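Novice: Structure in structure tokens, see below.
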Amino acid sequence: MESLNALLQGMGLMHLGAGQAIMLLVSLLLLWLAIAKKFEPLLLLPIGFGGLLSNIPEAGMALTALESLLAHHDAGQLAGIAAKLNCAPDVHAIKEALALALPSVQGQMENLAVDMGYTPGVLALFYKVAIGSGVAPLVIFMGVGAMTDFGPLLANPRTLLLGAAAQFGIFATVLGALTLNYFGLISFTLPQAAAIGIIGGADGPTAIYLSGKLAPELLGAIAVAAYSYMALVPLIQPPIMKALTTETERKIRMVQLRTVSKREKILFPVVLLMLVALLLPDAAPLLGMFCFGNLMRESGVVERLSDTVQNGLINIVTIFLGLSVGAKLVADKFLQPQTLGILLLGGIAFGIGTAAGVLMAKLLNLCSKNKINPLIGSAGVSAVPMAARVSNKVGLESDPQNFLLMHAMGPNVAGVIGSAIAAGVMLKYVLAM
């Protein structure tokens, strides 16, 4: 009888809490969206599966060594940790003390837990290597750079302003998060508000990179919101684009793009990096990897490296990045009022970014002979190439012979650059406060 009781107690179902059950359903929903609806499947599938693994009771796959120690509830071990932190020897007090502690102190407590015989789960290790170090988003940015053609941007440099305007959604969302906090609706700190704001850039790797630096406790919700809204770009953008443009404006035919020389394409990533990095060093990691990937593509002398970065390397890193984000889909971090605020602000950010790009195009038309079709302004959000395809699709609805795809790729690429620069601005000024 005792053996049967021990067997039952060892079953995960006996330890399944309500929060874990909800998160298992959320993870299954992400898998369904990825497989059945094809919503950003390359990321949502590993994120969803990582969420499943993270919420299996008693498995501890997403727990660090210290979190495993706290979950074990051994009075003697809790007392040892509490003595180091000068707090009461209970789990709640220790967690509060850790939240206020310096990263170096948190690292010491993790090492102490390892010395006591605890080991981090496999997903926790993935997170530490892929996101905690910042490596995975940077490698993905390098791959994106290797797949990017700056030709449309160089052929029509004005579209850089459209990409810049679309980043207004990022900073408007930061203000929105701080406003919610000011009125006591949902509590957000400035670093958390900055991490949420980057959702407005429609750039998943940048959102993950910045969240990992500023608000790792919100990373799961921010990543899910970012990739979910990126998948919904074809639904979110068209109503806004049509509301802000007239039928005549949507029929504007833009002049043929000039041919961009190979020399220009080679020089551009180098000049871009030097100009931005010298003015804003905090943007150098993201933009540097992006420009390096693009230089490998355009130089034509390292085709093997360029091919590896565009295919094998980015695919491998995407797998581990997704699983690492899934490690943050645990009940105590995800099932918070903040998650609802993140989802709400993310949608607003996309809308503001789309509107700002369209309005900037209309503003440029007031002082330009060569008119810009305002529809391509919405491509300033850096969901590449989805936002550009949406611009083209809406344009074809008004004029079946008006192909805007290549014109829209200019602001689309500019949006990637803009989101990286915006992330650098956030890092510089938020961390300095």
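Just so it is clear, glycine is given a Cβ too, placed from its N, Cα and C backbone atoms.
Feature list, courtesy of TrEMBL:
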- 12-35: transmembrane segment (TRANSMEM)
- 42-66: transmembrane segment (TRANSMEM)
- 125-148: transmembrane segment (TRANSMEM)
- 160-183: transmembrane segment (TRANSMEM)
- 218-245: transmembrane segment (TRANSMEM)
- 266-292: transmembrane segment (TRANSMEM)
- 312-330: transmembrane segment (TRANSMEM)
- 342-361: transmembrane segment (TRANSMEM)
- 413-431: transmembrane segment (TRANSMEM)
Novice: Counting only CB pairs under 8 A, let me know which of 12-35, 125-148, 266-292, 342-361, 413-431 has the most with the transmembrane segment (218-245).
Specialist: 342-361
Novice: I'm a bit unsure how to read this: which one of 12-35, 266-292, 342-361, 413-431 has the highest number of Cβ pairs shorter than 8 Å with the transmembrane segment (312-330)?
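Specialist: The stretch with the most close Cβ contacts to the transmembrane segment (312-330) is 12-35.
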Novice: Between the stretches 125-148, 160-183, 342-361, which one has more Cβ pairs under 8 Å with the transmembrane segment (266-292) than any other?
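Specialist: Ranked by Cβ pairs under 8 Å, first place goes to 125-148.
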Novice: List, by number or range, the same-chain residues at least 6 past the transmembrane segment (342-361) whose CB is under 8 A from its CB atoms?
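Specialist: Counting only partners 6 or more residues beyond its ends, the transmembrane segment (342-361) has Cβ contacts under 8 Å with 161-170, 172-173, 176-177, 180, 196-197, 199-202, 218, 221-222, 225-226, 228-229, 232-233, 236-237, 240-241, 244-245, 372-381, 411.
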Novice: Using Cβ atoms and a strict cutoff of less than 8 Å, what residues sit near the transmembrane segment (125-148) while being 6 or more residues removed from its termini?
Specialist: 62, 205-206, 208-209, 212-213, 216, 219, 269, 285-286, 289-297, 306, 309-310, 313-314, 317-318, 320-321, 323-325, 327-328, 384, 413, 416, 420
Novice: Quickly jot the same-chain residues contacting the transmembrane segment (413-431) by Cβ under 8 Å, restricted to those at least six beyond its ends, or write none.
Specialist: 141, 144, 148-150, 152-153, 159-164, 166-167, 170-171, 174, 190-191, 194-195, 197-198, 201-203, 206, 209-210, 213-214, 272, 276, 280-284, 286-287, 290, 379-384, 387
